[in-house]
Structures are given as C-alpha cells and as structure tokens.
Amino acid sequence: MASPALAAALLAAEGPNASGAGEGGGGVNASGAVWGPPPSQYSAGAVAGLAAVVGFLIVFTVVGNVLVVIAVLTSRALRAPQNLFLVSLASADILVATLVMPFSLANELMAYWYFGQVWCGVYLALDVLFCTSSIVHLCAISLDRYWSVTQAVEYNLKRTPRRVKATIVAVWLISAIISFPPLVSFYRQPDGAAYPRCGLNDETWYILSSCIGSFFAPCLIMGLVYARIYRVAKLRTRTLSEKRGPAGPEGESPTTENGLGAAAAAAAGENGHCAPPRADVEPDESSAAERRRRRGALRRGARQREAGVEAPGPGLGSAAADPGALSVSRSPGPGGRLSRASSRSVEFFLSRRRRARSSVCRRKVAQAREKRFTFVLAVVMGVFVLCWFPFFFSYSLYGICREACQLPTPLFKFFFWIGYCNSSLNPVIYTIFNQDFRRSFKHILFRRRRRGFRQ
C-alpha cells in the first residue's frame, strides 16, 4: 500500500491544484487553460537509472519467488504441508512485482496518474491486498513455527495439507478485509485540477487503521511469537547443558520437533530429515580404521586363546568395542567359546554404547541447530522491520500531526520503495539458509541448462 499512500501524502503537500481528474496526460485547470503532461521531476539519466534499478528488482522478485514455487511443487524433500505457506507467500510477492510495482514506477517517473480512475481504484486495492497479504503470511509462518515447537506431537497430527490450505485462505480473507476500503473510500480528486493523481483516502482514521491492520498488529504478533520461541530455545539449551554427560541406562533423551533442544529430533537435518554421517570422514578413511580395529581385535583374541583365558562377560572391553572382536572370540577353541549369557551381555553392551554415542551426537546437533534457528529468526524479524517500519511509522505520524511531522519528500519515497524490497528478500530469507531449497534450485537451474547443452 506504499505507493497510494505516498500519492496521498504528496497531494496534501502540493495543495489541491496539484490534483486532477483527467483521463490521461492532459487536464483543464479552473481558468479553462489546457495543460499538457507535467514536466518530469527527474532528468533523462535519472529516469533511465531508476527504471533499470526497479526493473531489476521486479525481475529478481519474480524469478526468486517462481523458483520457490517450482521447488516446493517438484522436490520430494519440500513437500511438507507447512511449505505451502511459502508457495502462497511467493505468489503474493509475484503479484506485487507484476501488478503493483510497474504502475508505481510509471506513476513516480511521469509525476501523474496516466491509467484512468477505474484502474486507479483497482490498483489501490491490489496494492494494499498483496502487500498486506505478504506481511500476514509472515505472521502465519511465525505462528506455525511456534506451535510446531511448543506442541510438536499434537500439532504435527493436526497440520495436514487441508488445514494449512484453510489457514492460507484465512490469510487472504484477512488481507482482503483490510484492502477492501480503498475501493469505496479512495482519494476523491477536486474538480478543475491540473493533473490526474491516484491516492488513498487521506483521512486520519483510514491512515491509522490501515497502518495498524497492515503492519503494527502483525508485527506485534510476530514479535511476541518469536520472543516466546527464543525463550523456549534458551530453556532447552540450558537443559541440555545441565544434562550433558554420559547417557542414561537406556541412552534415551527427550524429543521434540524442529530440533529445538530435542535429542532425538535434533538428529534430523536442517529440514527434518535424518542427519547424514560425519561429513569430515571419508569412506576410505572409515573403512581403513575399521580394518585396523578388526586386526587389533584378532590379535587380542589370539593372545587370549594362547593364554587360555576365557572371554570376559559384561565387562568386555576389546570385544565390546567392535563386533568383529565378538565374532573372533566366538570361534571354537579351548577357552575361547562364549556362553550364551556372555553373548547376550556383549550385545547389550554394544547396543548401549551405540545409543550413548548417538545421544552425544544428537546433543551437539541440537545445540548447533538451535543457534542456526535463532539466527534465521533474527534475520526474518530484522529484515521485516527494516523494510516496513520506516514507511509505516512516518505515514502514521503524518496521519496524526500532518505537516508538522511530514518528512522530506525524497526520504519518504525511499521508505516506501524499501517496503517493496521485502517482497524480493523473502525468498532469500526462507530459502538460502535451507539446504533442500539450495539443492532444488541447483537441480532446477543447472540440470535444465545441461540438457540444453546436450541437445
């Protein structure tokens, strides 16, 4: 909703004679003189530069969000129901880039509204609808993450594709309710003005209500939700630190979703998949170490058989370290046969030791994942506030104290274009930090390119 709000603020600053009701480039003032299109406030070089920058922003927004949609719909790793939020969010940002930003750019460069009053009303409603929908989607995603952290088991059972789609419909309905007033209350231009303009209702009640509904209320909800998530993460990190040490008799640990302090779920990767083996150990190195352990076990078993020592029981050391040692110590020979009870003890000790190692690994993965998750939340909140807060704060101040609180026009324009940048940054925030999206992007872009080269 930035561009119509900018037009309304500029109309108030320029006075009533700056507005017009014409359809196109000309108008007639109160004295009956015919005016042509107003002179542009930018030089030819500035027009070309601004058009290039905004054009790149539009293309980047469309391409990035289209990649998000394709990745979620085609990648098996991204078919979780909650990723439908990202599809809907990307769709809203694509619509902002295609149906709002080009007309905002034309209105800015030409210094008047060229496209007529009918499209002006539609344009105002679409602007508010898509931008508000983008913000409300971020709010819905934050609530989804909060419930998945605090009510992992119950919420996972409830979070079906049908429920997620119903939530998405509710998001669009809320955005439509907020954006509907511009269709019936957009700025009414006075008769006899020189140039046509397109702006929202300039009354204080509309400015404040739209700012609260489109920004401040969702921002407050997101702040409270992310603060709660951060507190839960800190609490579980502290709990893990206190419990650090040897695992219990069964090697068990608490489990939750999303890796926030859960030992079992923390073994999952960045997107809930099982964590791969250690990446710093190559297969050849692992097999070589395995062969060395087996040779050592063979030598120890041979020495035990020569000495006539019976294989140990539950306190087994070398055999417990490797299944290979167990197979050797079971080989026939004087004093070298394990009893059935000793064999069960060895198997129990081996499984217990494997669980203990797995528990320690899961603790480390959980702590690392909590830090990464907290960082992503900080990026989401920081970019969201950075993009939208300056515009909505200055716009609401203008609605309260008018000219006394009005910012310089160039600064106000900069604030509202920064708000549009949020649509292009959403794919970066929600995908670049995600390995599955990175792999899917590479698969989409480079595999098709290779096919083109082969053909």
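Using the three backbone atoms N, Cα and C, a Cβ is placed for every residue, glycine included.
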**Complete:** Checking Asn17, Asn422 against Swiss-Prot, the one recorded as N-linked glycosylation site is Asn17
**Asked** Regarding membrane topology, does Swiss-Prot annotate Gln151 and Pro408 with the same topological domain?
**Response** no
**Prompt:** Of the residues Cys120, Cys274, Cys361, which one does Swiss-Prot pair with Cys198 through a disulfide?
**Reply:** Cys120
**Asked** Per DSSP, how many helix, strand and coil residues does the topological domain 'Extracellular' (401-413) have?
**Response** 10 helix, 0 strand, 3 coil
**Request:** Grab the same-chain neighbours of the transmembrane segment (121-143) for me: Cβ-Cβ under 8 Å, and only residues 6 or more beyond its ends, written as numbers and ranges.
**Result:** 1-4, 82, 85-86, 88-89, 92-93, 95-96, 99-100, 103-104, 115, 167-168, 171-172, 174-176, 178-180, 182-183, 186, 198-200, 210, 213-215, 218-219, 221-222, 225-226, 229, 380, 384, 388, 419-420, 422-423, 426, 430
**Spatial neighbour of Cys198 (disulfide bond) that is closest, considering only the recorded sites Asp127, Ser210, Ser214 and their CA atoms** = Asp127
**Request:** Can you see whether DSSP assigns Ser210 (site 'Implicated in catechol agonist binding and receptor activation') to helix, strand or coil?
**Result:** helix
**Asked** With the transmembrane segment (85-110) as the reference, which stretch in 48-72, 204-227, 377-400, 414-434 has the largest tally of C-beta pairs below 8 Å?
**Response** 48-72
**Asked** What's the most sparsely packed of the disulfide-bonded residues Cys120, Cys198, counting other C-beta atoms within 10 A?
**Response** Cys120
**Message:** Measuring Cα to Cα, how far is Asp127 (site 'Implicated in ligand binding') from Cys120 (disulfide bond) in Å?
**Reply:** 10
